[in-house]
Amino acid sequence: MRTSPLHPATDSVVFSRPACQSAPTVPQSGFVSELGYGAQQPLLSLLLPPLLRQLGEQSRWQLWITAQHKPSKRWLSACGVPVHKVMQLRRAEAGEAIYAMEQALRSGNYSVVLGWLPPLTAAERLRLNRAAQAGRSIGLLMQPQEGKLAAAAPPQAHAANRGSARYH
């Protein structure tokens, strides 16, 4: 049951900007979030492209810190991401990659920094969060999820897969 009255349709808060005008894309404060990816995570392919496209409207760059993953220019273009604003740092060692992500987030030169990093300690996560807040940037920690899903499978599934391995 609703106890408070509905606001009238002319409420200036609701209609403060035209519907076609996008919301501001500069976060008031930065943050770091973990995103799981893998064959069993199709939702990521629906969420990530619009986010990258919207962040591409900013004057800032997008940085991908990757171990082996290379963003496809064709895929980025098809998603509407401005490829001329995407930079990639490849083959950084784990410690260097964490440090690079921290410095990139803190600089404020990047709207988003995507990092394919090993699992982080609580102290490393805290450092990245503080850096993101200082630079008003978004940090996305990309984590593979296939192993976690297999571990969550019922015991019968593990027994059926005993003795076989799948390599990518």
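Cβ atoms are placed via backbone N, Cα and C, with glycine included.
Since this is a predicted model, take the numbers as computed values, not measurements.
Per Swiss-Prot, the features are as follows:
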REGION    104-110  region 'FtsZ binding'
SITE      His168  site 'Essential for degradation by Lon protease'
Checklist entry - Would you list the DSSP helix, strand and coil counts for the residues of the region 'FtsZ binding' (104-110)? => result 4 helix, 1 strand, 2 coil
Checklist entry - Taking the region 'FtsZ binding' (104-110) alone, what is its mean pLDDT? => result 98
